[in-house]
Every structure is written in C-alpha cells, then in structure tokens.
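Asks: According to Swiss-Prot, the protein carries these features:
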COMPBIAS  45-57  compositional bias 'Basic and acidic residues'
COMPBIAS  65-74  compositional bias 'Low complexity'
COMPBIAS  90-99  compositional bias 'Basic and acidic residues'
DISULFID  CYS151-CYS240  disulfide bond
DISULFID  CYS218-CYS232  disulfide bond
DOMAIN    129-241  domain 'C-type lectin'
CARBOHYD  ASN210  N-linked glycosylation site
MOD_RES   PRO43  4-hydroxyproline
MOD_RES   PRO58  4-hydroxyproline
MOD_RES   PRO69  4-hydroxyproline
MOD_RES   PRO78  4-hydroxyproline
MOD_RES   PRO81  4-hydroxyproline
SIGNAL    1-18  signal peptide
Amino acid sequence: MSIFTSFLLLCVVTVVYAETLTEGVQNSCPVVTCSSPGLNGFPGKDGRDGAKGEKGEPGQGLRGLQGPPGKVGPTGPPGNPGLKGAVGPKGDRGDRAEFDTSEIDSEIAALRSELRALRNWVLFSLSEKVGKKYFVSSVKKMSLDRVKALCSEFQGSVATPRNAEENSAIQKVAKDIAYLGITDVRVEGSFEDLTGNRVRYTNWNDGEPNNTGDGEDCVVILGNGKWNDVPCSDSFLAICEFSD
C-alpha cells in the first residue's frame, strides 16, 4: 500500500469517528479535520506578577533632581544643655532708685546724740579735761606703736601736752609712767609730735634727754610730770587725747 493510499484511509476513519460522536453530544467542539494550519489568535491576557526580585545595582545614568521636602516629622527629645556663652557687653546705667531716707537719717542723728552723751559721761568720769581736750588713760602697758593703734581705733591720738596745764592733766590721769606722742625718730635730738610738727613746750627731767644706748627715741611722762627719753619698744601706759 502506498503512502498516499494510507493517508486517505486515515482521513475516512477520522470522519466516521467524528460523526459517531456528534450523534450523542449537542454543542460539542468542531470535528477535527485534516486541513492546513489556521491563523494565529489574538495575544492572551497578561499573567499574574511574579515574585519580587532582588534589588538591582545602581544605574549608570545621571542622578535625578532632588524631590520636594517631605512632611515635618514629630518633635524629638530635648537635647543636652549647651556650653555657657560669653559674657555680654555691659548694659546702660539704670535710673537711680528713689528712696526716702529721712526716717533713717533721723534715727542716725538720734543714735549719734546718744553716743555723744555716753562718750561725754565716760570722759567726765574717767578723764581729765583741759579746754576742749580730754585725756584718758589705759590700764594696760604697751609699746608706742600699740598705743598709737589703740588711740586711733577710738578716733583719738597719743596724748601730747602743748602747755603746763595739759601736762598736769596728763600727769593726774596717768598716775604712773606713760607714753607721750613725742619722738626724735627722724632727726636725733629734734623732738616732734606724731604729725611731724616740732614741739615747743617741753618739761624734761634733769639730765634728759640723754639717748642712753643710742636707742631712746620716744618720750614718757613720769609720776612727777617730768619727761624722759626711752626706747619705743618698752611698755608703758597709754594716754589718749580726744577733742570735744
């Protein structure tokens, strides 16, 4: 049997088998026939997206423009305190505050009056007065430097007689050997008061001043009112004078 004869038989069998199937089934598929291939159909619908692939490498093109700023995020926590800044420039001077001092001034004046009265009472009871001067004695013995400091502390000065009357008052107050505010520290033999003025009244004891040992630069008053020169470091009573 030739190839062509076999092909014809196959076609006949196919047709008979197809008719048999169409008798029992309505609306069935068309019978397969031996014919040339038909035209391609339309493309089918897109399939489902596949799984996400791995991130690719950056492209080789130019970088695009920066996009617009995003929304403002939430406020962050407070930061640590910063370093202390430099001191600013000095400000303008402010206006003077108004304050009524009349009451305070009145109280100060009253206090001064009471202190003056108390001072006068002390001076009258414990001192000798000559003119406008009061002479007050200390019960302690000390060097001339300490006598000066003591009298200055009470706004007075070391007693310095300017005449016989003042010398007599100092003698009565002292009742013992006491320093006078007279020295020849600057020039030996030239006696001055503690302000640098040369003294004009003197009442030296016999043979005085003698500067025994080349170190007697200060002056004391004795119990009889006479004067001696002595070393300034020796300790004697302090007599202070105050002006009324």
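Just so it is clear, glycine is given a Cβ too, placed from its N, Cα and C backbone atoms.
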Asks: Quick test of the contact rule: Cβ under 8 Å, at least six residues beyond the ends. What residues does that give for the compositional bias 'Low complexity' (65-74)?
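Replies: Residues packing against the compositional bias 'Low complexity' (65-74) from afar: none.
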Asks: Give me the non-local Cβ neighbours of CYS151 (disulfide bond): same chain, 6+ apart in sequence, Cβ-Cβ under 8 Å, ordered along the sequence.
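Replies: Once residues fewer than 6 apart are set aside, CYS151 (disulfide bond) is near SER157, VAL158, ALA238, CYS240, GLU241.
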Asks: Counting each residue once, how many in the domain 'C-type lectin' (129-241) are helix, strand and coil under DSSP?
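Replies: Taking each residue of the domain 'C-type lectin' (129-241) in turn, the totals are 24 helix, 38 strand, 51 coil.
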Asks: Across the domain 'C-type lectin' (129-241), what is the average pLDDT of the model, as a whole number?
Replies: 94
Asks: Give the distance between the Cα atoms of PRO81 (4-hydroxyproline) and CYS218 (disulfide bond), rounded to the nearest whole Å.
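Replies: So the alpha carbons of PRO81 (4-hydroxyproline) and CYS218 (disulfide bond) sit roughly 69 Å from each other.
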Asks: Any residues 6+ beyond the ends of the compositional bias 'Basic and acidic residues' (45-57) with a Cβ under 8 Å from its own?
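Replies: For the compositional bias 'Basic and acidic residues' (45-57), the list is empty: none.
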Asks: Based on DSSP, tally up the residues of the compositional bias 'Basic and acidic residues' (45-57) by helix, strand and coil.
Replies: 0 helix, 0 strand, 13 coil
Asks: Mind checking how the compositional bias 'Low complexity' (65-74) divides into helix, strand and coil residues in DSSP?
Replies: 0 helix, 0 strand, 10 coil
Asks: Going by C-alpha distance, which of the modified residues PRO58, PRO69, PRO78 is nearest to CYS232 (disulfide bond)?
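Replies: Minimum Cα distance from CYS232 (disulfide bond) across PRO58, PRO69, PRO78 lands on PRO78.
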